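Since the structure comes first, as structure tokens, the remarks are kept for the end.
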Amino acid sequence: MQKRAIYPGTFDPITNGHIDIVTRATQMFDHVILAIAASPSKKPMFTLEERVALAQQATAHLGNVEVMGFSDLMANFARIQQANILIRGLRAVADFEYEMQLAHMNRHLMPQLESVFLMPSKEWSFISSSLVKEVARHQGDVTHFLPENVHQALMDKLK
């Protein structure tokens with residue numbers, strides 16, 4: 001039986017930290033779904049369609065990654081996708097409490113859904129999409145933190 005995992009997030013935009021996590025997940029699981037949440041309450045900079053397209057381009061080199069958008073509860077989406085593993089990145093202790101709450105709620109909604117936490121590589125442990133956007137808005141150089149296609153799209157958005 002194939003091990004199908006879902007790596008969910010808003011990915012607004014996808015960063016090299018996200019790419020690091022999904023790349024390592026592909027070595028652990030047969031099929032990884034990069035699930036991009038619509039998240040209208042977060043008022044994303046990029047539309048869902050743009051985020052999906054950017055992530056598809058940024059992960060094209062990973063043969064066992066499928067990118068798709070979703071707007072349902074994660075447990076419902078996982079059930080539909082026949083996946084029982086959630087990948088979550090943990091950057092710092094501050095992430096842990098929130099992620100633990102999500103993991104317990106997801107397990108309540110779908111008892112067979114396991115959350116697997118991956119630490120990003122040290123190089124990416126301090127970045128977030130929000131931080132990268134904030135630095136870019138103030139003309140800071142964020143080239144190192146984003147896939148090339150995403151960096152270009154971000155610069156175009158900020159013009």
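Heads up, the Cβ atoms here are built off N, Cα and C, so glycines get one too.
For the substrate site, Swiss-Prot gives T10, M74, R88; the one candidate out of K42, K43, K122 that the record lists there too is K42. Ranked by CA distance from S129 (ATP binding site), the binding-site residues K42, M74, R88 have K42 at the top as the closest.
In the three-state DSSP assignment, the secondary structure recorded for S129 (ATP binding site) is helix.
Ranked by Cα separation from K42 (substrate binding site), the binding-site residues T10, H18, L90, I127 are led by T10.
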